[in-house]
Amino acid sequence: TSAALALLGGSVAALVVWKWLGRKTIQKKMEEARRTRDEGMKKMAKAVQQFREQVPSVQTDAILSLPLLELTRRLQEGSLSPRTVLYTYLEKALEVTQQTNCLRHFIPECEEQLQEIEQHKEKGLLYGVPVSIKDHIGHKGHLATCGLVQCLDTLMEEDSVLVKVLKKQGAIPFAMTNVPQSLFSYECSNPIFGQTLNPLNPRRGPGGSSGGEGALIAGGGSILGIGSDMGGSIRLPSSFCGLCGLKPTAERLRWVPALPFQPCPCALGPMARDVDSLALCMKALLCQEMFQLDPTVPPIPFNEQVYSSSTPLRVGYYDTDGYFPLPPCMRRAVKETRRALEAAGHQLVLFSPPRVPYVVTELFLKTFFADGGRAWLDVFTGGIVDPGLKSQVNSCKMPRLVKKLLALLLKPLQFLLPLKLKEIAMISTCRSVKEMWNHQHQIQVYRSQFISQWKELQLGVSNMLAKIWQPFLSGKSKSLPSAQHTNRSQKPTSPFSEMSHRPKESSQNLLERSEPPGEPSLVPCLQAVSGAVGMPVAVQCVALPWQDELCLRFMKEVETLSRDK
């Protein structure tokens with residue numbers, strides 16, 4: 001007995017020591033990653049200082065204020081040098097990240113790329129343009145961390161296809177931006193590099209998962225960025241930070257999965273301060289170099305004729321999905337945009353997305369959590385979970401039987417539940433391969449129904465104006481189902497072209513109410529908008545698959561009308 005107790009005690013002690021050593025190893029890896037980032041920033045700051053000493057007369061503010069189209073024109077004609085533009089944005093990016101913690105790492109090879117393009121006789125469409133890229137978009141010699149400790153050991157052996165094409169077009173990737181842990185959050189925080197703040201209001205976040213991009217561009221530290229979007233990861237940060245962002249049809253640009261699970265198609269897309277910048281970026285990327293490097297990308301160049309068209313549009317719109325309440329400022333944004341479009345000669349038609357509650361709870365979430373979240377939980381193995389994800393992680397860790405019982409009890413009450421309980425109530429799983437195949441079939445059925453309803457309204461140009469959750473939700477939005485928006489028809493299925501844009505007017509009187517004061521579902525909505533006066537209000541535009549240029553054209557119309565107000 002004594003020997004058995006001694007053996008048991010020794011085993012427990014060994015387990016404790018093993019866990020302690022594992023935790024120390026993790027902490028060491030994270031500290032090393034942060035140290036590498038800080039050293040890179042110091043190196044860039046030194047390079048900027050040297051440039052400043054060599055060229056003290058640079059008009060920084062004038063360069064930073066140039067729209068992308070004007071900047072590229074001056075770079076092409078030679079009135080601005082790529083060197084001047086690069087170091088101007090490096091300096092500004094350093095300033096912005098000190099305020100917001102938006103950068104994961106500078107790319108020191110940007111100086112080599114600068115020297116290389118200066119030797120080229122042919123100038124690409126993005127010649128000399130500094131471009132920031134999201135953390136997980138592969139760049140040779142750098143990590144693609146996704147905010148996970150397990151990804152801190154492997155450097156990329158080569159540039160991703162998208163980075164290769166950017167460089168071919170003369171762009172200079174100069175920084176990688178911060179993301180939420182596992183990319184699966186509408187906040188932007190991870191245990192390695194910390195939390196990113198919104199440059200428009202540091203008490204709020206920039207959204208996720210392309211939150212670092214949103215913060216850097218909104219702060220003026222980048223003129224063009226590349227993000228990714230599976231469930232709103234470009235559109236929400238664009239909305240939160242008052243930018244334009246395009247989620248194109250997923251197969252339109254090359255995508256390499258950053259994580260071992262990908263429940264539905266994910267798209268790479270541009271983020272910038274205006275629509276023309278998005279169009280120029282897409283035009284540059286949809287080139288022969290892209291089609292040759294990746295034969296899975298359809299060889300469809302950018303359709304300039306569609307983007308430049310002035311034909312009046314027939315636009316479907318809605319300001320509520322009947323599932324989650326909206327603050328008055330959002331309804332106002334859709335209403336004002338609708339009136340401006342009608343005044344400009346476009347035809348507006350009321351469009352009601354079919355069966356939204358069913359799509360959110362049964363299609364969207366069941367696609368992500370078909371295995372009960374097991375594949376997602378695996379990425380945290382041996383690591384630390386960010387506080388913003390703990391409630392979701394804990395929900396997924398519950399035994400299947402417990403989750404089934406809770407879902408059964410809570411689902412009928414989901415509209416009255418606090419958000420954390422609502423997460424549990426909405427988690428569904430596929431219990432067999434047969435059920436998974438049936439689930440995929442139901443997705444296709446809904447997709448057909450959605451498109452049929454779209455066509456029945458004779459939306460000839462296949463555009464729809466719709467709401468998107470706003471930056472006043474920053475730091476509070478990770479659980480809000482309304483954030484999925486058209487993903488309920490698109491995300492688990494074939495993608496739609498989507499884009500978010502900031503109307504000219506900011507939100508005011510956010511706390512005015514149109515629903516009965518005692519309605520429980522309005523409580524989180526009112527909490528979210530509290531203190532958000534002055535933050536941007538956005539609308540979202542949607543087009544059918546492969547109509548990316550049409551989506552951009554519609555967004556350009558909305559942008560022009562909002563600026564003319």
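Residue 1 is the first one shown; counting continues down the chain.
Using N, Cα and C of the backbone, Cβ positions are placed for all residues, glycine too.
Pulled from TrEMBL:
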ACT_SITE  K134  active site, charge relay system
ACT_SITE  S209  active site, charge relay system
ACT_SITE  S233  active site, acyl-ester intermediate
COMPBIAS  477-497  compositional bias 'Polar residues'
DOMAIN    85-552  domain 'Amidase'
REGION    477-519  region 'Disordered'
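Across the domain 'Amidase' (85-552), mean pLDDT in this model comes to 83. In this structure, the C-alpha atom of S233 (active site, acyl-ester intermediate) lies 11 angstrom from that of K134 (active site, charge relay system). The two recorded residues, S209 (active site, charge relay system) and K134 (active site, charge relay system), have Cα atoms 9 Å apart. Take the CB of S233 (active site, acyl-ester intermediate) and look out to 10 A: across all protein chains shown you find 30 other CB atoms. Cβ packing within 10 Å was compared across the active-site residues K134, S209, and the lowest neighbour count falls to K134.
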